[in-house]
Amino acid sequence: MSKNSVIIVAAGKGKRMNSSISKQFLQIKNKPILYYTLSKFSAHESIDEIVLVTLEDKIEVCSDIIDKYNINKVSKIVPGGKERQDSVYNGLKAVSKDCEVVLIHDAARPFVTSDIIENGIRCANQYGAAACGVIPKDTIKIKNEKEFAIDTPNREDLFIVQTPQCFNYNIILDCHEKLKKHNKKVTDDTMVLENYGKSVYLYEGSYSNIKITTPEDLILGEQILEKLT
């Protein structure tokens, strides 16, 4: 029977947080951010396994969190690579061979909802590739190299991409292998497919599905958690 797998990418060092502790291990309400992220996917009935990708020297820390909070769907913890795309590729190689749909998610994005997960799986099955996100609330400007505004895109045409990003496993693995062969650099997994002419369906995420990257995000995260509990 085919599986739905999720790769949680927790290999970042979080330089923008100005902390010696990686952002996924910082705490909100006395629990690490990674706990909230893992527990959301572990509790979801459509998720069969979790592959956690982290820094090699943080594997034991992650294992302790998994054991402490009894997160039972983590099948493997694997070391990350030099860049995010290398970490994702390591995760793709580690998922079960009968995986059909794989979701790729930021460890520092702990407020993903059950609906976002379910819709991602559905859209990946239907379209082959999908990513959640939101329309920007602010007006966006395009600037030139001299810092002057040169254009104002229609907000309705813009989309702030979040995670999970969800794919047919064979499609995303094939594109990542091509990317590695051609030595191309990307900032997220939708770009991996776009590099090879594949379309990515965009579906509704949530303004609360934030990535905790800065100290200000940590404060906002506490407020979001207050509303959710």
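Cβ coordinates come from backbone N, Cα and C, glycine included.
Here Swiss-Prot flags Arg16 (among others) as site 'Transition state stabilizer'.
Swiss-Prot lists Lys23 (among others) with the feature site 'Transition state stabilizer'.
Under the heading site 'Positions MEP for the nucleophilic attack', Swiss-Prot lists Arg155 (among others), citing sequence analysis as support. Counting Cβ atoms from all protein chains shown, Arg155 (site 'Positions MEP for the nucleophilic attack') has 13 others lying within 10 Å of its own Cβ.
Lys211 (site 'Positions MEP for the nucleophilic attack'): 17 other CB atoms within 10 A of its CB, across all protein chains. Among the features that Swiss-Prot reports, site 'Positions MEP for the nucleophilic attack' is placed at Lys211 (among others), with the record citing sequence analysis.
In this structure, the C-alpha atom of Lys211 (site 'Positions MEP for the nucleophilic attack') lies 10 angstrom from that of Lys23 (site 'Transition state stabilizer').
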